[in-house]
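According to Swiss-Prot, the feature signal peptide maps to 1-26, an assignment based on sequence analysis. Residues or ranges marked as topological domain 'Extracellular' in Swiss-Prot (evidence: sequence analysis): 27-594. Summarising the annotation, Swiss-Prot assigns repeat 'LDL-receptor class B 1' to 69-119 and lists sequence analysis as the type of evidence. The repeat 'LDL-receptor class B 2' annotation in Swiss-Prot covers 120-166 and is backed by sequence analysis. Marked as N-linked glycosylation site by Swiss-Prot on the basis of sequence analysis: N152, N219, N375, N450, N532, N592. Marked as repeat 'LDL-receptor class B 3' by Swiss-Prot: 199-242. Swiss-Prot lists 243-288 with the feature repeat 'LDL-receptor class B 4'. For C372-C385, C387-C396, C436-C446, C440-C465, C467-C477, C518-C528, C522-C539, C541-C550, the entry in Swiss-Prot reads disulfide bond, with the evidence type sequence analysis. The domain 'EGF-like 2' feature in Swiss-Prot is assigned to 432-478; the stated evidence is sequence analysis. Residues or ranges marked as domain 'EGF-like 3' by Swiss-Prot: 514-551. Per Swiss-Prot, topological domain 'Cytoplasmic' is recorded for 616-704, and the stated evidence type is sequence analysis.
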Amino acid sequence: MKSPCRAAAGWLVLLLSSCCLGYVIATEWAAAVTTDNGILFFDSNWRKISSAAHQYSRISAFAYDEVLGKLYFADLDHPEYRLFALDYDDTDELHKVTKLLPKSAQTAYISGMAFDHLERRLYWTEKGTRSVYYVAIDELLSSTRSAAAAANGTAAAAATAVEATTSAPPPSSSSPVQLVATVQPDHELAGLAIDECRRHLYWTNCYPKTSNIVRAAMNGTVLNVHEEQVYLPKGITVDHYRNRLYWVEKKYGRRYTIESADLEVNDQRTLQTGLDRLPADIAVKNDYIYWTDQENNEIYEMSKEPNAPSRTVYRGEHPSAVILRANLLLEHQRNNPDCRSVVDRILENMQNSKPASVLQQETQQQGQLTVCLNNGTVNHHTNTCLCQPAFGGKLCEIDLCNNYCAQGSCRIGRDNRPRCDCDRRYEGDRCDRNRCDGFCLNGGRCQFSNGTAGRTEEEMGDRTCLCESTGYSGARCENPICGTDYCYNGECYVEEGKRPKCRCKAGYRGERCEEYSCNNYCLNGGHCTLGNETTVPECECGEEFAGQRCEIAVRLCSTYNEDPQWQQYCLGISKTLPLMEPKVTYCKESFNRTVVYTSLCFTVSFALLLAVVLVVSRMMKPPRPRITKKMVVTPMTSRPPTTQCEITIENCCNMNVCETPCFDTKLLKKSKKEDKQFLLEDIEDVGGSYRKLPNCGDGTAERK
């Protein structure tokens, strides 16, 4: 059993260790961005805290190893090597860069990169060979360290630059690079991502005519290809929080989009679209998306919801790729059912692969190793703690739910973040806001209806507002009972029962003071005026009428002054008034418009009827017969030439009725068909009608 003094000393050492680590915690990087001037590191508020790898000016892709805390990146301008590893140290300005793989056909043009923590493999896409490759990173790092130690003779070689650099050995005949898959010639590989929980690879093809998103097994077997509504996709990432994919596209012309789909590359959604942007890479963290824009040299942050606004978190040196250090797999996915088994295997492998320095420390200095509280796991590669769900801090000493929810119960979500189930009277991320605060407007009083203590997301209608004596109504006392235009000529007030009432100005009346007091007040032509003091309407009546509103005819009071029914109306009116007959005036220039209009309509109708009859009779009247042929009477064979008679009918219209044989009054009684038949028969008959004709010329010629 430990003594109290030793136990107290142990806790003191632990407390001092936590205090000493405070500066480290404050300066830990949360995001890394590749630029034309190396790699930049930022804190959680996107403030620049450090930079590294300044001599590498064309970094095309990089990936993060959560177990070793290393950054692997590819530089396309280095004359000899393509793949590098960066050891970032928060407390040291000298960030060690290790050269891993030399330039070759397999590493010439690396465009995308991803790291698999379970199998400890680094994957990348290479444009020149149109292939996906991987390398076992632990074996590569081990061979690199061995070769460097053999070449230098000692590990304490002095650094000659800002970053210390360790070179890898010359490439051997057996390359550690392994081929995963090769795409078709009309494909151009771009981004690469890994779903470590479900063991899938995703890569993008940005060739214009065959653009697509490919999902494949870890051995390169293609599972499905998504081509619909995909054009020039670039960076791609896996969101383990929501089990979705996110990628960026450069659309036709000036357009760009941020796209999303499920892990089977279905259910595609466009989260954002716009103009004049050149997106290159994308990363996710919690509820936000971050993507780089090489057109304006900016990094944007936006929510994962569609059409969410974006804000600029960085503007500077041509950012190309971005990584968010969220310890997503090891810390935040232990509550994810799809990732729990993978995370447990990763942690087991991590414990079984302790560095030699740690093994030596365990042998020589037992009891002085780093201790993680609350069943946390020590990562001996980085000398940090991987905490159990519900705990955090450098040594897992912080209970994430301790005093987190002000009015409610705390639970740990699948992203290893605390969540609050609020009591029915409170809301907010930490249940720190009363739901009645500011709910009722204009002085209304808020109260909760009876219900259970628990409250679901849909149960929002359990609070009501009491708007008594406020002059307002509505669910939140937002509607004024007395609107600005309720009383037209007066003042509005609320009476008991929440009903609006009007106090009218002098000279107005009505429920809403809408009527002038003198309007239609005086009858029978009386003149209305308002009293100067009482503002009560008064009537000035003519000679024939009397009464308060000129409603009593004076002549009736003179006639029925003894009638009790009339006495109440005629009281006060003189009984000696003469019997007056009502005056009737006539307008001298008046006329009966009805008679005039009726006569006018009758005249017009008769004229129209007459015109119609004339037109119809004219159309029904048969036309006169007309002869259009030239008639010649040929000489008779039995007659001598001197006795022949010849008549030529040229124009019957030039003859009068008595002279021409073309006109016969009897023909008018016949129809056109009979008239034509008679005419033809008469022409064919030589004797015909001409036997009835008188002698031609001077009468000397006679017909025989």
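The backbone N, Cα and C atoms fix where each Cβ goes, glycine too.
These figures come from a predicted structure and were not determined experimentally.
Known features from Swiss-Prot, placed on the structure.
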residue	record	CB count, 10 Å
C385	disulfide bond	23
C387	disulfide bond	26
C396	disulfide bond	21
C436	disulfide bond	16
C446	disulfide bond	17
C465	disulfide bond	23
C518	disulfide bond	16
N532	N-linked glycosylation site	6
C539	disulfide bond	21
C550	disulfide bond	21
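Note on the repeat 'LDL-receptor class B 3' (199-242): residues 112, 114, 116, 118-119, 123, 125, 132, 179-181, 183-184, 186-193, 248-252, 259, 261, 263-266, 268, 279-284, 286-287, 291-292, 304, 321, 328-329, 332-333, 336, 339, 414-415 of its chain, located 6 or more positions outside it, place their CB under 8 angstroms from a CB of the stretch. Of all the recorded positions given, namely N375, C467, C518, those whose Cα is no farther than the 10 Å limit from the Cα of C539 (disulfide bond) are C518. Each residue contributes its Cα atom, and for N375 (N-linked glycosylation site) and C387 (disulfide bond) those atoms are 7 Å apart. Checking Cα-Cα distances from C465 (disulfide bond) against the recorded positions (N219, C396, C522) with a 10 Å cut-off leaves nothing; none qualify. Annotation for C522 (disulfide bond): spatial neighbours C528, P537, C539, E540, C541, R549, C550, criterion Cβ-Cβ under 8 Å with sequence separation of six or more. Here C467 (disulfide bond) comes close to C440, N442, G444, S473, G474, C477, K498: these same-chain residues lie at least six apart in sequence, with C-beta atoms under 8 angstroms from its C-beta.
Ranking the recorded positions N219, C372, C387, C436, N532 by the distance of their Cα atoms from the Cα of C518 (disulfide bond) places N532 first.
Take the Cα of C387 (disulfide bond) and measure to each of the recorded positions N219, C446, N532: the nearest one is N219. Residues within less than 8 Å, Cβ to Cβ, of N219 (N-linked glycosylation site) and separated from it by at least 6 positions along the same chain comprise V180.
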